[in-house]
Amino acid sequence: MLVWFAKFLEQYYSGFNVVSYLTFRSVLALLTALLLSLWIGPKMIRRLQIFKFGQEVRNDGPESHFQKRGTPTMGGLMILATITVSTLLWGDLSNPYIWFSLFVLLGYGAIGFVDDYRKIKYKNTDGLIARWKYFWLSLVSLIAIFGMYALGKDTDATRLVVPFFKEIMPQLGLFYVVLAYFVIVGTSNAVNLTDGLDGLAIMPTVFVAGAFAIIAWATGNVEISKYLYIPYIKYTSELVIFCTAIVGAGLGFLWFNTYPAQVFMGDVGSLALGGALGTIAVLVRQEFLLVIMGGVFVMETVSVILQVGSYKLRKKRIFRMAPIHHHYELKGWPEPRVIIRFWIISLMLVLFGLVTLKLR
């Protein structure tokens, strides 16, 4: 929004052209989201307490979690608000990739809000009925995906990029829709599963979003994309603004979500952030890289799949409890130790993912 205003003001003072610089806007997008979060946070936490929007806790979970019962939840509303405001302020709103990303973020946020509200209203951890939850997640993602496919059909925007192989970039055709669907919905649910400890999900999200800011910049630059043997995609550079807004909002939320948490993001935050990361990965054509950089999310999801599969087939559990972060809690690890070690793993995977851009 401010890009258009600055262009108008340039005729009166040339210094306003600094707003057109992507690096300038990306830093301000991060700072705007961060400072807004720090300002809004205490007010939102008080409101959530007044409305009695408290977290429900599983009765079969670790005993240390019982003290979390009643902690304000749905703090993800703060994350969504600050990301949206920051992106609208500093992004080029003529860029369709900005709107695809915001659509999934807010659409998934709305689904998460209903899910959280039902948990609070009925005082259980069930939320939305699973089939309806996946119906709405699927509908939102498919609307965005078909728009993305129509915009980039038969161009580099619908090619498959395979890490380590610079010559393998097949045109996906309609399989793009299938792949994008599983990436967006899958990532959304993976982040949701990871969000079980104070700050556990938000910091890996910040790491991955920060890395995608770099990748979006490279993909939207003709020379850099050519140098790295990745496809040049016209609209991706503006995703840097969206990614840095996520980083700022995430760090601002972590201020209140760090152990012991004053507020939880709830499904309104985790489903939305996961959907946003999946959408970014699809738009910059780095779905495989998301699997690497989001390895903590993958690990959490796989642990649940293995646990459920093992119990159904053998009537035995592999882990003491799934997702796997609860397994380590039940082994006696203090919650902060689990969180920090998972953060370290996430950072290592993100750095390795960035290195693979050159290993081709």
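Cβ coordinates come from backbone N, Cα and C, glycine included.
Features of the protein shown, as given by Swiss-Prot:
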- 21-41: transmembrane segment (TRANSMEM)
- 73-93: transmembrane segment (TRANSMEM)
- 94-114: transmembrane segment (TRANSMEM)
- 132-152: transmembrane segment (TRANSMEM)
- 168-188: transmembrane segment (TRANSMEM)
- 199-219: transmembrane segment (TRANSMEM)
- 239-259: transmembrane segment (TRANSMEM)
- 263-283: transmembrane segment (TRANSMEM)
- 288-308: transmembrane segment (TRANSMEM)
- 338-358: transmembrane segment (TRANSMEM)
_Tertiary contacts of the transmembrane segment (288-308), as residues 6+ beyond its ends and Cβ separation under 8 Å_ = 161-163, 183, 186-187, 189-191, 193-194, 204, 207-208, 211, 215, 274, 277-278, 281, 317-319, 322-325, 327, 342, 345-346, 349-350, 352-354, 356-357
_Can the transmembrane segment (168-188) be said to touch the transmembrane segment (199-219) if we require at least 3 CB pairs below 8 Å and skip pairs under 6 apart in sequence?_
no
*Per Cβ pairs under 8 Å, the stretch of 21-41, 73-93, 94-114, 199-219, 263-283 packing most closely against the transmembrane segment (338-358)*: 199-219
*Determine which recorded stretch among 73-93, 132-152, 199-219, 239-259 has the most C-beta pairs below 8 angstroms with the transmembrane segment (21-41).*
239-259
*Check the transmembrane segment (94-114) against each of 132-152, 199-219, 239-259, 263-283 and return whichever range has the most CB pairs under 8 Å.*
263-283
*Compare 73-93, 132-152, 199-219 by their Cβ pairs under 8 Å to the transmembrane segment (263-283) and return the stretch that comes out on top.*
73-93
*Looking only at residues six or more beyond either end of the transmembrane segment (132-152), which have a C-beta under 8 A from one in the stretch?*
96, 100, 103-104, 107-108, 111, 115, 158, 174, 176-177, 180-181, 184-185, 188, 233, 271, 275, 279, 282-283
